[in-house]
Every structure is written in C-alpha cells, then in structure tokens.
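Asker: Taken from TrEMBL, the feature transmembrane segment applies to 16-39, 137-159, 171-193, 205-225, 261-282, 294-311, 361-390, 402-424, 431-451, 463-486, 498-522, 647-669 (among others).
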Amino acid sequence: MSQAGEREFTKLLSPATGYGVVVGLGAAFAVLMIGFTYLQRRFTRFDTNNASEFATASRSIKPGLICAGIVSAWTWSATLLQSSAATYQSGLSAAWWYGVGGTIQIGFFAAIAAKVKMNANGATTFLQICKARYGTGCHILFTFYALVCAHIVAGSLVLGASATINALTGASIEACNFLLPIGIAIYVIAGGLRATFICDFTHTVILFVIIYLFMFSAYATSPALGSISSMYKLLVEAAQTTPVEGNEQGSYLTMKSNSGILFAGCTIASGFSGVFCDQGYWQRAIASRPESTTRAYMLGGLSWFAIPWAFGTTMGLSSRALQSTPAYPTYPYALSASQQSAGLVAPAAAVALLGKGGAVAILLATFMAATSAASAELIAVSSIVVYDIFGTYWKPLSGKQVVFWSHLVIALAAIWFGAWSCILHKANIDLGWLFYIQGVCLTPAVVPIGLTVSWGRMSKISAFYGTIFGTVCGMIGWMLGCWKVYGEINTVNLAKPYAAISGSAPGLVMSALATLVLAYFFPGSNDWTATRAIHQADNKASTDSKGEPVSAHIASAPMPEKNFTDEKHQDGNSTTVQTVDVNAESPGEANETYEREIIEELDLGLLQKVFVRASIISSSMAMIITFIVPIPMFAAHYVFSLGFFKFWIVASFIWVFLAGSFCIILPVWESRVELVSICKRLLGFARIKTKTGY
C-alpha cells in the first residue's frame, strides 16, 4: 500500500537525453522531409512550390495515408497521457470512454467529409465555406473559434509533451516548449501538407510499435506483472486499499463508475469540439480523393479507438497495480493530484515496467504524438491566416505569395506556440486543465459548423446567433456549475469535471437547439452555387512556382509520371537538365485520366450515397460503442471476473493489431507502384538522358 504524501518523480534519464530526443529527432525528421521533397519534385508532378500542393497536397492523398494521418493527428499527448491518468483514477471504464469520446466524432465527420466534396471541393479551409454561405460576420466568428481551438490544441500538445520530457529527464519545460514546435516547423516548411502525412505515417508506425511493446511487457514478460492474472490480482488488492469512490465495490475492474460516466460526458464534448473546430481535420478531408474520403475517415476512427482503449487500459491499470513496488518512480507514495493532472501516470507505468528502457519508450511515444499532431496544426494555422485573413481581408494572393506567406506564418506560429505554452505553464495551467476546458470553449460552434456544409436550410442568422446563444448558455452554466458544486470560482475549480460538463453540455445542446429553431424560422436558400464556386477563386490564388495558373480540379488529378524537359530561361540563355523519359502514359491518355477524375469528383449522386452510407455506419458504430457495449454492464453493476477481464484485454490486443495493419500496411500497399517506380529510378533502372537546351 502506498503511503500518504508526495515525492518528486524519479528521473532515470539525463537532461541531455531529453534535449537529444527533441533536437535530434526533430533534425532527423527535417532531413527526412527535405529528402522526400527532393524525390517528390524529381520523380513526380507534385511540387511544394505550388500553393495547392503545399496547403492541400493537391487533393490526391489515398485512403490508407489519410487513415494514418487521422490516427496520428488525433493521437495528441493527451490521448496517451490523459487516457492513462483517467484510467488510473477511475478504472478501466475511463479508457473505453476516452476512445468513445474521440471515435464517434471522426465517424460523423466521415459523413461531413462527403458533403465537403459535394458542396465545396475547391475549398482550402472550412472557413472559406462559411464566408461563401454567410458573409463576413459568420466568417469572423468562426475564424475566432478556429484560432481558439488551435491555441488549446497547441497548448495540449506542446505543454503535455514538455511536462513528460521534464519528468523523465529533467530537461527545462520552457526550453522544450520552444524546441518542439520550432523543430516541427522546419520539416513542415520543407514539405507542406504532404510532408505532414509522410511524417504522420512514420510517427504512427513508431507509436504502434511502442504500444505493442508496453502491452506485451505488462501482460506477458514483465517480472513485476507478466500476465493478465497477475494484473487482475493486484487490481483487486488496489480496490481494497484505495477504492474508487462511485465505482461498484470500489473496483477498478467495472464499467459501473460514476466518475467514468462523468469523464465520458466531458470527453465526448471535448472530442466534438476538437474535431469540428480544428482546421487540421478539415484539411485532411480536403486533401483526400473524393471517392475515398469517407472510407479513410471510417478506417481512421476505428483505428484510433484502439489507441486510448489499449494504451490507456494498459498504462493506467499498470500504474495503479505497480504503485506500491520499489520500481515505481514516486515510491513509497502514489502520484499526487498535480502529477496526475500533468499526465505522469503513463510515464510512471513505463518506468515501473521497463526501467530506463520504458522511460525512453514513453519519451519517444510522447514526442511522436506531439510532433505529428503539431505539424498538422501548424499547416492548419497557416491556412487560416493566409487564406482567411490575408487573402480575404488584405489582398488576393498569387500562388507564389501563398507559399511565401505560408512559410512565414508557420515559422512565426511555431515561435508563438512555444511562447504560448510557456505562458500556460507559468499560469499553472497543465494538460488536464486544457483537456476539460476545450469542450467548454468550443462546443457552441460544433453544430453550426457541421451543418454549414451539410444542410442547405442553414442561414447566416441561424449560424451566427445559434453559436452566440450556445456560447452564452455555456459560459453561464460553467460559472454556475463551478460555484454550486465546488463552492468557489477559481482557476483550479473551473477545470474540474463537474464544472466542465456544466459548461460544455449547455454549450453543445443549446447551440444545437437554437441553430435548428432559427434555421426553421429564418431558412437559407439551399443553394450551394457559391460554395461550389470557391475553386474559381482558388484558381486565381493557386499558381505554380513560375506564376502559371493551376486549376484546382486539374491539381487533384493524379499524373503518373513527371517528364522533365529542356527549359529556356527568360534571358534566353540555354540550360542543361536531366530528363527522365518514362512515357507511362501518352498525353491523350493523361488527359482522359484528368477528365475521368473530374467526372468522378462532380458525381454528386455518388457522393450523396456515400454520405447516407457513412451516416448509417457512423450512427451504428456510435450506438454500439456508446450504449450497446458499456451501458448494460453499467446498469448491471457488473465487476469483471478474471475470465471476462482476459477477454477484455485480448479484445484490445486484436483491435490494436488490426488498427496497426490499417495504418502501417495499407498506405504502403496502396502506393506500392509509385514506391517501386521511384526505387527503380534511384537505382538507375529508368532511362535517364541529358539534353542540351536552346
């Protein structure tokens, strides 16, 4: 049994190790992306000097890579750290509810993504759709919410990772706050959105390997645990010495958990706001191919569910089971409330399971989670600032200017995110605080934003005033809930679960009701002409590096090869270039490919069927994981037997291995032809010849 008291987290690694991971891996990914960008320009038609390629990856990403990108972008530091902390506090129900709180939103967004392709396939940001439908007032309002979301997400990512690095190595939190985003910005600037997808894939591979490592250690090889039966026995003992208030028999092995249900409400609210208000998610829908967008989001949601469920269950329960062993980093004390809120439950379990090796593994996992999601956030912020602020309220930008300003904004945003994280740290705001506040701040905009791209009856009155009304109700509920439940309104109490749900629930429900009622009395025109014409404005803004206009539709059509030909400089001087003569398709065949892709993009009937199918699948999935599986166990007050606990763990193993297959194997398989082609050219199998220009 752990003693009452508090002890500083034992640091098994040196500060040099922490800085080495942050700086060294950041530099390694920067070099990787510079190399990838070179290969991309050399052997494909995609060039990051093109505005459409930089911001939207030419709308050509395949579903496997989109799936990996969704999993990576939604696997924040909080996904790993907060799911483990909640499981440590409330038992295994919390890990399940964390998965529910993020998966159902991705499922519903799969349907929304089909509507994006139907009604605004040329858009770069969801805010452009709001501007086209509603005008300036709503555009400014939703831009504000998008930037608030970016700040909350950035704070969660950077500060959560920095706190973990500091706890494991002693590296300065302030230094890590700056080094993390600046290192990420280097490779984002080098490769644009497509680079973030490639890094997302790399990060996801490493992340799944680390998850497998911890799961096999906890349930098979660890001397401290080593089997599901040992874990079960220690958790039964923990329930006797440190029972969970509100859980059946105080057990950590039950879905009948009052705190777990409360956590579920907070997580669902936070998840909806984190998906619908985050340009990073819209960016992935925009970047994907029209015919595969929804499938990619469905696979991404199902795959992501495995991460908080499997990882949170393993690390949260391991931390609780092993907290009385000498290997525990705060032995002989349990983790303090502040240490739990800072996200140190998973690092404590990692150290107790694998010692220094576990510390290194959790350090890498946290770094990967932070950098992959932060790279998407930097692209998202740059798109908002460049397209929706500069390009809308300053002056129209050419493609060359779009790329220049995107680079500059990414660099400045990285520095600001570091400063912002330091501000939060000095104000004693940590990962747990940001997690609970996210739903309070952002839920009023969720329903209006979702309906903007999917319901023709929406009008600027319903969108604007529905959001404002929900915000007012949410703020009032937040303050009243904090005062009534905790007796005092202060920074600490405002981020406690009952206060958070008192703000996020009214914000979501009342904004939805107000939006629907106002849309009924003040309907929109049900005309998507303005949003479907966004690509016309984008044509003027998107040019290649030589200033030549590039059609948004043409940019989305894949060209198998890039034929390098002689070029003549403007001054008339000749140049010698290398030419890769592959002749995979004749020009006529390539044009037919373009036309076929355009027809597929404009097949509104097909996309409507995809929307209906995605709505049915996502609703069914939401019903299963939110009600059909957990609620009967909650209502029956069931405490897991050893046999059922084994089934629960085995099911999480199966799910996480399937998720790994979708995220690791599928992207490689889909791109096997391109990968083989590039490898052949690198090895000299393609015919390369040198010509002399004019």
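Using the three backbone atoms N, Cα and C, a Cβ is placed for every residue, glycine included.
Source: prediction; values computed, not measured.
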Asker: Top stretch among 205-225, 261-282, 361-390, 431-451 for CB pairs under 8 A with the transmembrane segment (498-522)?
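Answerer: That would be 431-451.
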Asker: Would you confirm whether the transmembrane segment (294-311) and the transmembrane segment (205-225) meet the contact rule of 3 or more C-beta pairs below 8 angstroms, pairs 6 or more apart in sequence?
Answerer: yes
Asker: What stretch of 171-193, 261-282, 463-486, 647-669 shows the most Cβ pairs under 8 Å to the transmembrane segment (431-451)?
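Answerer: It is 261-282, which has the most Cβ pairs under 8 Å.
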Asker: Is it true that the transmembrane segment (171-193) and the transmembrane segment (205-225) have 3 or more Cβ pairs under 8 Å, skipping pairs fewer than 6 apart in sequence?
Answerer: no
Asker: Mind checking which residues reach the transmembrane segment (137-159)? Cβ under 8 Å, same chain, six or more beyond either end.
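Answerer: 76-78, 126-127, 130-131, 173, 176-177, 180-181, 273-274, 277-280, 369-370, 373-374, 377, 380-381, 384, 388-389, 392, 417-418, 420-421, 424-425, 429-431, 434-435, 437-438, 441-442, 445, 448-449, 460, 463-464, 467-468.
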Asker: Does the transmembrane segment (463-486) come close to the transmembrane segment (205-225), meaning at least 3 CB pairs under 8 Å for residues 6 or more apart?
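Answerer: Answer no: the transmembrane segment (205-225) and the transmembrane segment (463-486) share fewer than 3 Cβ pairs below 8 Å.
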Asker: Quick test of the contact rule: Cβ under 8 Å, at least six residues beyond the ends. What residues does that give for the transmembrane segment (647-669)?
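Answerer: Contacts with the transmembrane segment (647-669): 62-65, 67-68, 71, 92, 201, 204-205, 208, 211-212, 215, 219, 228, 299, 302-307, 309-310, 313-314, 640, 675.
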Asker: Please indicate, using numbers and ranges, the residues of the same chain that are 6 or more beyond the transmembrane segment (361-390) and have a C-beta under 8 Å from a C-beta there.
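Answerer: Same-chain contacts beyond the flanks: 13, 17-18, 21-22, 25-26, 29, 55, 69, 72-77, 79-81, 124-125, 127-128, 131, 139, 143, 146-147, 150, 153-154, 157-158, 160-161, 164-165, 168-169, 180-181, 183-185, 187-188, 192-193, 195-196, 199-200, 203-204, 206-207, 210-211, 213-214, 278-280, 283-284, 346-347, 350-351, 354, 397, 402, 405-406, 409-410, 413-414, 417, 541.
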